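Asks: What TrEMBL records for A:Ser156, A:Asp233, A:His266 is active site, charge relay system.
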There are 2 protein chains.
Amino acid sequence: MALELISSSKSFGGFQKIFKHSSKETGCSMTFAAYIPPQVAAAADGDTSKKFPVLYWLSGLTCTEKNFIEKSGFQRFAAEAGIVVIGPDTSPRGCNIEGEEDAYDFGTGAGFYVDATEEKWKKNYRMYSYVTKELPVVVAANFPVDPSRQSIFGHSAGGHGALICFLKNPGQYRSVSAFAPISNPSVAPWGIKAFTGYLGSNQDAWKQYDATHLIGQYTGEKVEILIDQGGADDNKANQLLPQNFEEAAKIAGHPLRYRDQEGYDHGYYFVASFIGDHFKHHAKFLA
Amino acid sequence: MALELISSSKSFGGFQKIFKHSSKETGCSMTFAAYIPPQVAAAADGDTSKKFPVLYWLSGLTCTEKNFIEKSGFQRFAAEAGIVVIGPDTSPRGCNIEGEEDAYDFGTGAGFYVDATEEKWKKNYRMYSYVTKELPVVVAANFPVDPSRQSIFGHSAGGHGALICFLKNPGQYRSVSAFAPISNPSVAPWGIKAFTGYLGSNQDAWKQYDATHLIGQYTGEKVEILIDQGGADDNKANQLLPQNFEEAAKIAGHPLRYRDQEGYDHGYYFVASFIGDHFKHHAKFLA
């Protein structure tokens, strides 16, 4: 579990770092970003037993670990709240799987946070287990975080990832939120392509990774989910289908704060505009 | 002066836009970013004669108009203050000048905000006149700005640009600030290379574009200059030389608020950490 430091820059009194490590789940070297808020250094001067809450960010298609840390401006809020923020890359890279580089929405940069079962992908494309099992262990071993206080959020395919990681693991995450998540991938083109490729054609297997299906089966504490969706997002009606998730949450009696943000598109200007609200949401549960 | 809209995204209630236009000064097509704060749309519903202050941002080496708008998070503060923010590209592009693409610190992406006099560059590399003369006219013709309320700031080579534009044009800009500016380019490797290339070997010509020289000649109102410099910036001692500018300001009796920000490097995490303070600085003068 040795980490290699790739870069470190002071940001809002803390440090935005990028690390690389050898992953057992994906069978390759993975990078992740870690924001260490100023409170960590301050605590290290005195009480070394102090542990901090940790918030996982999952990015969307085509992203690496860099998009969120460079474009969302989240560090301002992580620094204020004293939260460690971890953002993994979105897929294995350089595994020499035929076709891994062929599309923006499948393979490299598009792990979709599932554990692949199809022969060609199943050795490396295990982003679900990487994010929910291996990465938290690596993080707890290397940073002063309190594993009982972790939450998760993400954007687009990463919003899908955040919702399924939360819904499939009652108790592991205290809260969840998403920006423009792929809410019902089993019936949307991006999701159908990814799930067919990674999981095969049996659609029952797809349901295990579909938030709109999973929310009806969720057995944990019904903490309110926050979702922001850009009203001018070109992908909304075709790929993201927030209304399907909203409907399923209603049927399941799961509290959902769904906000349609008029005029906003799918990009990081949208994320940056509301990232502060998402920190407020999680800080309530992580306190 | 027709503008072509390249992109528009809602951001903090306003719109981050990018435009392209044909420039007379540079003899090519130039792009610039324009943030239109929410107050503009709100005013347009009622009093169409309302004019807004405008703040020009100049970026550094290798940048286009995108780095600042994607990475600094400035829109939050421009939206709060109701300031239009304009950020031009850093050089002409695609002029087919031999060698224009050969280096990161000269030619494309490195206009250095001077008007070239050397034969090879003088037709296109007129970023000083573009920024101080042509662009303000284009902006005033296309956006509801008040030309009597404009200020300027920038980063690195763009910090150099902001300082010289302010110091060479008393009364044109109400205030100036800079992040890690190239403060004394005549005696620093980046500046010597650029000035030799654009202006030739006569060092008297260089002084006209050197803030450390210009501040002693400045005849305008002595408004306080704000400079933030990262203490862990690798370029500080060799390329940026803030201490030379500090010394010259002292001799000139020009008020300077110079802040050495411990531990920060030269990148956008540093800019993002203090961009709010720079908006506060300019808002005082633009009110």
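Cβ coordinates come from backbone N, Cα and C, glycine included.
Caution: TrEMBL annotation is automatic and unverified by curators.
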Asks: Just counting, how many other CB atoms are there within 10 A of the CB of A:Asp233 (active site, charge relay system)?
Replies: 22
Asks: Determine, to the nearest whole angstrom, how far the Cα atom of A:His266 (active site, charge relay system) is from the Cα atom of A:Ser156 (active site, charge relay system).
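Replies: That separation, Cα to Cα, works out to 8 Å.
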Asks: Count the Cβ atoms, other than its own, that fall within 10 Å of the Cβ of A:His266 (active site, charge relay system), considering every protein chain shown.
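Replies: Around the Cβ of A:His266 (active site, charge relay system), 22 other Cβ atoms lie within 10 Å.
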Asks: Taking the Cα atoms as reference points, how far is A:Asp233 (active site, charge relay system) from A:Ser156 (active site, charge relay system) in Å?
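Replies: Pair distance, Cα basis, whole Å: 11 Å.
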Asks: For A:Ser156 (active site, charge relay system), write down the residues of its own chain that are at least 6 apart in sequence and whose Cβ falls under 8 Å from its Cβ; none is a fine answer.
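Replies: A:Ser156 (active site, charge relay system) has long-range Cβ partners A:Ser59, A:Gly60, A:Leu61, A:Phe179, A:Ala180, A:Pro181, A:Ile182, A:Asn235, A:Leu240, A:His266.
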